[in-house]
Amino acid sequence: ATVVKIATISPLSGSNSNLGLQIKNGAQLAVNEMKAEFAKAGMTLSLVAYDDQADPATGTAAARRAGADKAVLGVVGTLNSGVVIPASAAMAPSHLTFVSPANTNEKVTDRGLKNMNRICARDDAQGPAGADFVMDNLKAKKVYVLNDKTPYGQGLAEQAEKQMKEKGASIVQSEGVAAEERDFTAIITKIQALKPEAIYFGGLYGQVGPFAKQLRDKGINTPIIGGDGFDSDDLTKLAGSGANNIYFTTVAPPVDAVPAAKNAAAAFQKTFGSEIQGFGVMGYDSAKVLLQGILNAYKLNKNKVPTRTQVETAVRSGTFKNLTTGEVKFDKNGDRMTAKMYVIAVKDGNRSTAGTVNVIRK
Amino acid sequence: MTTAPVRPNPLKTRPVGGDRTWLLLAYTAISGLLLVFMRDLVADGPMKMLQPVLFGGFLLSLLFAYQWKAAPWAKMLVFAAAIVFVLPFMGRSNTSYFDLMIQMMIFSALALGLNIVVGLAGLLDLGYIAFFAVGAYLWGIFGSPQFAEVTGNPAFAGGINPAYFWLFIPLAVAAAAGVGVLIGLPVLKLKGDYLAIVTLGLGEVIRIFANNLSVTNGPQGIDAIESAPVPWLNSLAHTLGFAEDQYRLFFLYILVLGVIAVTIVVNQRLDRSKIGRAWIAIREDEVAAQAMGVPLLKTKLLAFATGASFAGAMGVIFAAKQAFIDPKSFDYFQSIGVMSMVILGGMGNIPGVILGAIVVTMLNLMVLPTLSEVLQSSFPNINQNLDPSKYQRLIFGLVLVFMMLYRPEGLLPSERRKHEMHSDDEHPAVDSITTENLNHGGELGGHLRDGSGVETLSPGLATRSDNERTGSEK
Amino acid sequence: MDLQTIGTILLQVAVGGLSLGVLYAIIALGYTMVYGVLQLINFAHSEVFIAGGIVGYFVFEALKDASLNGYLKLIVACLAAMLVSGGLNVLIERLAYRPLRGAQRLVPLITAIGVSLVLQDSLRFLVGVRGLFDLSVNLPKGFTNSITTFLGVNISLLNLQVKDIILIGVAGLMMLGLNLLVNHTRLGRAMRAVAHDRQTSGLMGINSDSIISLTFLIGGALGGLGGVMFAMKYQALNAYSGTIPGMKAFTAAVLGGIGNIPGAMLGGLVLGWVETFLGVVSLFQGIPGLHWLGAIKAEYKDLGAFLALILILFFKPAGLLGKATTEKV
Amino acid sequence: MLELRDIHTYYGQIHALKGLSMNVNQGEIVALIGGNGAGKTTTLRTISGMMKPKQGSVSYLGQNVSGVPSHTIMGRGMSHVPEGRRIFPQLTVRENLEVGAYTVSNKKTVEERIQEGFALFPRLKERETQLGGTMSGGEQQMLAIARALMVAPKLLLLDEPSMGLSPLFVEAIFDIIERLNKERGTTILLVEQNASMALGIAQRAYVLQTGEIKLSGQAADIAADETVRKAYLGDE
Amino acid sequence: MSILDVQGLTKSFGGLTAVNDVTFQVPERGIISVIGPNGAGKTTFFNLITGIYTPNKGTIQLAGKSLVGLRPDQVVDAGISRTFQNIRLFPSMTAEENIMLGRGVRLKSGYWDAILRSGKFRHDEAEALDTARLMLDFVGLGKWRNELSTNLPYGDQRKLEIARALATTPKLILLDEPAAGMNPRETEDLKALIRAIRDELGVTVVLIEHDMRLVMTLSENITVLNYGSKLAEGLPHEVRNNPEVMEAYLGRGAAAGEHGKEARL
Ligand SMILES: Nc1ncnc2c1ncn2[C@@H]1O[C@H](COP(=O)(O)OP(=O)(O)OP(=O)(O)O)[C@@H](O)[C@H]1O
Ligand SMILES: Nc1ncnc2c1ncn2[C@@H]1O[C@H](COP(=O)(O)OP(=O)(O)OP(=O)(O)O)[C@@H](O)[C@H]1O
Ligand SMILES: CC(C)C[C@H](N)C(=O)O
Ligand SMILES: [Mg+2]
Ligand SMILES: [Mg+2]
């Protein structure tokens, strides 16, 4: 049997490793699931996991390593847009397909690379969706916008801000705070003085949690809205008593909303000893897309192991079903044509779905 | 008066052992052949761990060629064979080797630059990577679509004509040196660790600016950075069977080799000159150096600017290689990384510093990733908290600690520094008496000597709160 | 913008910066002690410090159901953290620094970085990738309460909480105690003697190794205490949480004059204030003539910390309280 | 009281002491003389535990102390004025003295001895709060001697105590050494370039040359020796 | 004609006036000694002349050129070189390199010359090496040429420091207690060396010493400092018999001629 591999590239060490491991383990789960099917087709399927440390240079090097391994037919990854942009560009000439579970920055697909696809929503879908929610559902007119100075947080906040401005909100301040910062004394002082009606935070749960806690501790109950970066159970744990009045947009369905997700969640818990979270679900789906793409290419290649170029084409042109997040089909740039976006609300430490938005690209 | 200056002998490296010409050739040939022919056999599974072994084993032949006593022609042959045949061949068959080799060389050049500042002049610079950033952003901004953003002129959608790359190397050298002088002027009067922490701060300042300004495109970074157009080299690469996406690396490989050669020559020539002596002098005793006619600030600035300029040039090349740069590539941990290369390899010694850069880069980009890939694939379904890839940094840390404990003077110490170390293994006196503590009252007290002119900064636990310098009046 | 608003903001900055600053200061004391005696930037201190937080956290968890007064639990947690961090620091010194006594100064610096990496990942092993959170469930009653009145005056707009007061008090005590120890006791003199010349100290009958160990013990214990304070203040931490405060604290130590105990304290405060102030300064763009302040957004506050450092060292090369002494030739 | 047997001490490769044997009896002043680099300082360092001999034994008060760290030896009534003074530059004069008395736990005794030191060297009293490092060369030498006396040593090792002192003080120092010996019974091992004066107050002497004892005997005999006069006393 | 002319030089540290209104002249090609009790301000006086301290008051002129305000390296350039009371060689440099470093101030070639190995550079380097060898032979340390300076015996280190100072081709050399730590025999050699510096190299010498035998037989003129001020000045025998100097510095023993080298003035 021929060895066929897919790779994951995500941060497995460093402070983002929690999410990176989710992606890796989600993909591993998909590989475990589809091993048999591949074996039937005479292919021994396995996964190689590369650590990008959330660093573009390391990530590019990892992509090159994956590229050098001829058995690797595609990559699930990465977590950070900053990493995937150079890594996918480096791999474009060798047609190594990326299916991204998490990279939301517009540039990821706007460059028109043949090998770059994603199943998550774009910042310019998420940002406006969040903005709409702020203005239509929360009815806030004065908004404070914060971002974590990462490609993700900044890009997302910009999109949200643009939309809110267009809809006539007043942005009392839009600024950044380093992603590693956990002390929000200054920011909170500012919020106290500016008295916004809502706070849009382009950042990750690891930072938002403590922020919410510190904010609520000072008795400020202003709603906080963000994107898929909030999507982790740990958000509520980190925020503790402050886990209230927080909303975020995500493509990953709440585990209990989709039956398929429940099975995956159970398997995940069994295999890796921890709960599946949003990015685990996305990693799982991305891997499935990639693996189904490989199988499609295999068939087109007269039941022989396909080339990378064939996989590239198959992924871009295929329609993929049986996923937790619904059907996936890519447009010409590798963006998902239709997706359902959820707005999740956190109230008193509990998550619930506050609404859904259908994202459709033409 | 035409006698060529003879190098005083304590600085010569002593070749090891008797004549080993044939051993060297044999080793090189065997390790080279093993590397080339085994590479496909060890591509998978646990055997993958042999990849770094083979590659490292081959690279060792370069070290042996340098260290062993052997006929000069044989040494040249080994170097030439490696640089012209084996390494490019490996790069062709596996792009990640190419990437790795270039990265090694970039770090070598950075380490050589820092070596001037830290190893020769003794100035502890923890913000060195800032100069690298200056070079990288300089070319990054001009040589990419970012230039169209900055100028608002869509004609520059692909950046300026990439042929200007050649101009930007000297420009980056000048810019980095200039920034070095600008930064150096106010801070070089600081001593020892005050300098270290201020340079660290300045490094962070530059990174934070890069992360916040719009010319640098903030955290999003700059992508699609061009490299110089070299059609003839591309067609050469084509003839040699390189894949299209390897052309750029092929060109950069050659370019970096050239730059390293220049760096080494400059390093060596400065070291062995009046300026080099002045650097050592201020490193050892600023007061005496100044009293012997060495202008402190100027001499330190020269070291700072020279070191910076290497980093500047390398920055341009790095930007061209990565095609993407962002502020993360220039954080202070990178400075620390380069520093560890210098110290691990052997401060003040050019081959040592290069060795340090190669070892650390190889460890980080090849050995440890391979190890964790192997472990990952052996235990695909392991508990999340035990995931093997997470031990990469842990292992790196352990390697740092053990290497330093095992060879505190560095892997290939300079003879001069070795002497300073005075490890005194044979009979560790209660506290081994080093030159420093003999003359200055202890390594720590020796810190006192960091004072220029006569000012020293209270080194130890600071003394009294009130200013009691002189006694009662007479 | 009216005067009262400006005043309120400034007061809040003063208080917020203070409670941040004392945290930096406690950590900075650990850096300064070790630096003072070995002239070594103990890069591992940020992990020693966060290890204290982790230990404190676990002790708290373990005592969750014990029928002890909440503040007593806190004290037990602090003591345990101080013991563990102090011991850890001594161990690090024994294994990674002591064998390098005769070596160049930069060599232990590299092992320090190595130890820091090792500790980070070992600690993560201990606390898991997700870190620890929500300590608040177990905290003493009233711990996070806001203090609204003081001597009958309403001070609710100061944003002061009980935990801040504890933090400030503990830090003050630590500084006074240490200052006394270093400058006015036999032990302190021995520390300073060892710092300058270990050999000659030996001739005075001082066992420099024990003194150094003791210094690491004290420095580490302070770190551990700082860790618990950190855990209390933020109520969440992971293996990497020490890095940023560690770096800030070291900056603070240098800013105040490294090796100088009141200096570390002052440096921490200055840093806390500068950061907090820069974080809010754009609010003042409303003041006539100051609209340019609008450009100084919160993302520049770290820049401010380093610029303050550079500026201060430019005018006072030995730091705020460090003094440049004259070397006799 | 002190006995060295076949001592070999090295600085890295440099063989500084080559099988040196000597002894110092209770209550004696013994002078150790020799040219530059003869190994005098090394001998004292070996005795006080600053350096560990590779071979041979040092016994002090009947106990073998070779290889014992200096802080332990110093706790047993030995004191060493090192070559080059080795004042703690960042400690004040008083603090230098206090550190000298580190092994003395009684605060009152410490204070008394400080006052004694001040009486011996009034300059130190004048400069009580001056930082050691800013004192002049000679003043530092005084401080180094006073510091060594803080423990009221039984055995005092002096490495060129007169170096850098003015003629007036050289005399004073030799006076002090004699008095310590006579009045307090302090045993003294004295290394001096100023050989004639050293031999003047010593009972016995050793002449050291390139790490070996060349000559030993009564101080007066050594002072009278022809070759010694030529080599070390500067007589033509 | 005096080569060095110091007028009213004053320096205080906090409340202590270490050098107080000192006026001092050195004739060209003279050998002058500065003596005085410990802490009299002799070393401080040297530090003022060489730019390590800046004076509170007073002027310093070398061959008519004012030195006040110059940095130490500029003072060397102007023609004054020195040794230190506590030897300060560069321990990891060889004897030869130590001297070549001292020569640096007279070399014209610069940064780019060094990188490009220009003719000027090679000439300079050869010249520095020649000077180093010449100086080593001059002070009698030829055999130590390639030895690391720290490995030299103490007395030889002092001589190496002198050689290093001479390599700057000074007009005037300041020696701070050159005989400290030397035995009488070695002091004799040193005396000959100092004479040779003046006679053969034509360099003016000012020295601080406590070894009266050396001072009295070598110097042409002696200045005595006490508590920062000039106490006396004159020919050796004048100073020796000055009762104030005896009282403050020499002591009765010296006059009485009891024992020790000081005794045999
Ligand atoms: N730190 C050191 N490193 C290497 N060699 C040393 C060191 N100290 C002394 N030596 C060598 O050891 C030998 C003995 O030196 P030592 O200092 O004991 O001599 P000494 O008799 O005290 O001389 P002096 O009168 O100059 O003080 C000399 O050859 C000297 O060069
Ligand atoms: N930087 C300083 N700060 C305070 N006092 C100082 C400083 N430098 C020197 N002094 C004091 O000034 C006086 C003169 O010192 P100096 O070193 O010039 O004396 P000296 O004549 O060279 O003595 P010696 O013969 O002992 O070397 C001394 O009392 C000394 O303590
Ligand atoms: C962690 C994630 C929220 C990453 C983010 N979506 C990105 O594109 O970088
Ligand atoms: Mg000696
Ligand atoms: Mg003096």
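Each Cβ is built from the backbone N, Cα and C atoms, and glycine gets one as well.
The compositional bias 'Basic and acidic residues' annotation in TrEMBL covers B:417-429 (among others).
Taken from TrEMBL, the feature compositional bias 'Basic and acidic residues' covers B:465-474 (among others).
Positions annotated as region 'Disordered' by TrEMBL: B:417-474.
Same-chain residues lying 6+ beyond the ends of the transmembrane segment (B:21-37) with a Cβ under 8 Å from its Cβ atoms: 54-55, 57-58, 60-61, 64-65, 68, 70-71, 74-75, 77-78, 81-82, 86, 89-90. Among the features that TrEMBL reports, transmembrane segment is placed at B:21-37 (among others).
For B:49-66 (among others), the entry in TrEMBL reads transmembrane segment.
Under the heading transmembrane segment, TrEMBL lists B:73-91 (among others).
Taken from TrEMBL, the feature transmembrane segment covers B:97-118 (among others).
The transmembrane segment annotation in TrEMBL covers B:125-143 (among others).
The transmembrane segment feature in TrEMBL is assigned to B:163-185 (among others).
Residues or ranges marked as transmembrane segment in TrEMBL: B:250-267 (among others). Here the transmembrane segment (B:250-267) has long-range neighbours at 83, 87-88, 91, 98, 101-102, 105-106, 108-109, 112-113, 115-116, 169, 227-228, 230, 233-234, 237, 242, 306, 310, 313-314, 317, 320-321, 350, meaning same-chain residues at least 6 beyond its ends whose C-beta is under 8 angstroms from one of its own.
For the transmembrane segment (B:301-320), the list of distant contacts is 106, 109-110, 112-117, 120-121, 123, 125, 128-129, 131-140, 143, 165, 168-169, 172-181, 183-185, 188, 222, 225-228, 248, 252, 255-256, 259, 263, 266, 270, 275, 279, 329: same-chain residues at least six beyond its ends, Cβ to Cβ under 8 Å. The transmembrane segment annotation in TrEMBL covers B:301-320 (among others).
Residues 130-131, 134-135, 138-139, 142-143, 199, 202, 226-229, 259, 297, 300-301, 304-313, 315-317, 320 of the same chain lie 6+ residues outside the transmembrane segment (B:163-185) yet bring a C-beta within less than 8 angstroms of a C-beta in it.
Counting only same-chain residues 6+ beyond the ends of the transmembrane segment (B:125-143), those with a CB under 8 A from a CB of the stretch are 110, 113-114, 117-118, 150, 159-160, 162, 164-165, 168, 171-173, 175-176, 179-180, 183, 195-197, 199-207, 210, 215-216, 222, 225-227, 304, 307-309, 311-316, 318-320, 325, 327, 329-332, 334-336, 338-339.
With a threshold of 8 Å between CB atoms, the same-chain residues lying at least 6 positions outside the transmembrane segment (B:73-91) that come near it are 21, 24-25, 28, 32, 35-36, 39, 55, 58-59, 61-62, 64-66, 97-98, 101, 240, 246, 249-250, 253, 257.
Residues of the same chain lying 6 or more positions beyond the ends of the transmembrane segment (B:49-66) and with a Cβ under 8 Å from any Cβ of it are 20, 24, 27-28, 31-32, 34-35, 38-39, 42-43, 74-75, 78-79, 82, 86, 90, 97, 351, 355, 358, 362, 366-367, 370-371, 374.
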